[in-house]
Amino acid sequence: MGRLKERFQAFVNNRWLVFVAAMWIQSCAGVGYIFGSISPVIKSSLNYNQRQLSKLGVAKDLGDSVGFLAGSLSDRLPLWGALLVGAFQNLIGYGWVWLIVTGRAPVLPLWAMCILIFVGNNGETYFNTAALVSCVQNFPKSRGPVVGILKGFAGLSGAILTQIYTMINFPDQASLIFMIAVGPAMVVIALMFIIRPVGGHRQVRPSDGLSFTFIYSVCLLLAAYLMGVMLLEDLVSVSHTLVTIFTVILFFLLVTPIIVPIALSFSEEPKDPAEEVLLSKSEQQEAGIPEQSDQEHEVIFSEVEDEKPVEVDLLPASERQKRIAQLQAELFQAAAKGAVRVKRKRGPHRGEDFTLMQALIKADFWLIFFSLLLGSGSGLTVIDNLGQMSQSLGYDNTHISVSMISIWNFLGRVGGGYFSEIIVRDHAYPRPVSMAVAQLVMAVGHVFFAMGWPGAMYIGTLLIGLGYGAHWAIVPAAASELFGLKKFGALYNFLTLANPAGSLVFSGVIASSIYDHEAEKQAHQHHIQLQMSGLLFSGFYGQDEVLKCEGSVCFFLTSMIMSGFCVIAAVLSMILVYRTKTVYANLYGKSRT
């Protein structure tokens with residue numbers, strides 16, 4: 001009995017259990033990505049035009065991105081307290097919207113509806129903060145894969161919630177709003193005490209590689225399964241019984257990762273964290289854990305950066321490292337003899353710990369911000385307007401498009417973290433190059449949406465979803481490498497403001513204005529045709545019909561503009577690559593030599 005108790009205690013304190021629980025929370029934390037499915041029912045029940053609906057979309061994006069309060073409360077409250085606050089906000093915000101849409105509560109002005117959407121979606125920031133903080137501390141050596149997987153499940157949540165909604169078979173679309181108000185809150189409350197840093201989190205275990213491989217395999221299988229199910233439900237009339245079976249299999253796949261902590265806890269002898277092998281010196285460097293002597297070398301390294309000749313940067317990586325090491329040794333000897341006086345410059349250098357105010361005066365930080373604004377902002381515009389884009393191109397089932405872009409968003413995040421890690425670990429090349437590739441992929445996706453070719457929705461959601469998702473695995477890792485981890489929460493939350501800022505410009509101004517203009521033009525032409533045929537009577541043509549746009553022309557100009565901005569974003573990313581080559585060579589070059 002005592003042995004079983006030890007095993008169970010090891011299971012409860014297993015960091016992989018925390019990671020799996022965080023994955024489950026993230027799988028229902030991306031309710032903002034399902035806005036494209038709930039926006040048509042909000043628009044029709046409250047008689048909104050596209051511009052008013054876009055304002056709700058911007059409020060949703062602000063709620064999803066403004067995480068300063070979540071970050072502050074997470075420092076002052078236990079993580080379960082922050083999760084509880086997020087669940088309460090999610091329930092109140094979307095619950096009230098559901099009451100209004102279904103006529104159970106009085107209709108509020110547009111600004112009040114924006115506040116409710118903001119409050120409801122802001123709950124996501126608490127879920128994200130608690131999940132990322134706990135898991136990054138538990139897996140310091142695997143920040144890229146951990147962030148990619150967790151952010152990936154947040155992107156996949158739209159497809160998961162849509163499939164559950166299809167199984168429940170609610171009588172009206174407004175019930176989807178009720179589900180996203182209640183569902184995430186229930187899951188978070190059930191798991192909130194598991195999400196925490198656990199003992200021994202600065203240690204590495206031989207089983208980590210195999211465990212991550214298993215998790216990646218489950219992720220790929222889950223994405224492939226959901227894609228197959230969504231396509232089948234879109235192309236073939238599927239019975240409700242079959243839909244229920246599909247959803248049960250989905251739940252099984254979501255639960256499968258629990259095998260990892262169970263196997264590690266019950267198949268191995270439990271050890272006290274203090275007894276386990278700590279990271280080796282090289283592994284500590286890879287994990288970003290400073291050695292005791294790092295502070296002693298930090299000043300000298302900064303001086304080397306200032307004193308080295310320009311031609312050193314042009315040498316091959318191995319030669320450059322030798323030359324820098326030689327300069328550093330000479331500075332050490334000179335400093336020891338008193339020949340030179342090493343004086344640290346004001347402010348940190350790239351790769352050191354920055355505060356937010358110190359980062360705000362750096363060109364690299366603003367290159368990341370504006371590249372993210374143009375790239376992810378255009379992708380978020382597609383996600384927010386996907387319901388109207390599907391309808392304008394003649395696709396009746398908008399839920400399928402929302403689910404598909406969620407799946408590709410998920411794979412983009414997982415793949416972005418994985419491949420960008422290969423770039424920096426194996427080649428010591430700047431991580432932002434992978435962001436430039438993602439932005440060029442998005443530029444092509446926008447062109448498909450603009451042209452409205454046959455199958456454009458499928459190819460467009462594939463390219464936009466992959467590119468948009470990759471941003472949210474690459475940017476956090478790149479920011480931590482260039483500006484440190486000490487104030488990472490504040491830095492990351494500021495960078496996420498680029499998302500709603502881009503959506504405000506692209507969706508709130510450009511997309512909505514062009515859509516309403518084209519809708520009014522089509523309404524006017526239809527009005528003239530009815531007059532010429534003598535079929536126009538008083539009251540025959542209503543407001544709802546006036547504001548409906550059909551055809552690729554509805555989003556043609558918007559998509560082409562966003563495609564151009566994605567190309568500009570890729571250029572900004574490549575400028576950042578050029579500026580940070582030396583930093584990444586210093587960070588990762590040693591691990592390759």
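Glycine is treated like the rest: Cβ placed from N, Cα and C.
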Segment assigned the feature transmembrane segment in TrEMBL (from 127-147, 148-168): 148-168
Stretch among 174-198, 238-264, 365-383 sharing the most Cβ pairs under 8 Å with the transmembrane segment (555-578): 365-383
Paired segments the transmembrane segment (16-36) and the transmembrane segment (491-515) in contact, 3+ CB pairs under 8 A: no
Distal contacts, the transmembrane segment (403-424) - CB-CB under 8 A, six or more residues away: 30, 33-34, 144-145, 147-149, 151-160, 162-163, 216, 219-220, 223, 226-227, 230, 382-383, 386, 430-431, 433-435, 438, 458, 461-474, 477-478, 481, 584, 587-588
Segment-segment contact (the transmembrane segment (210-232); the transmembrane segment (79-101)) at 3 or more Cβ pairs under 8 Å: no
Criterion met for the transmembrane segment (238-264) and the transmembrane segment (459-479) (at least three Cβ pairs under 8 Å): no
The transmembrane segment (459-479) vs the transmembrane segment (148-168): 3 or more CB pairs under 8 Å: yes
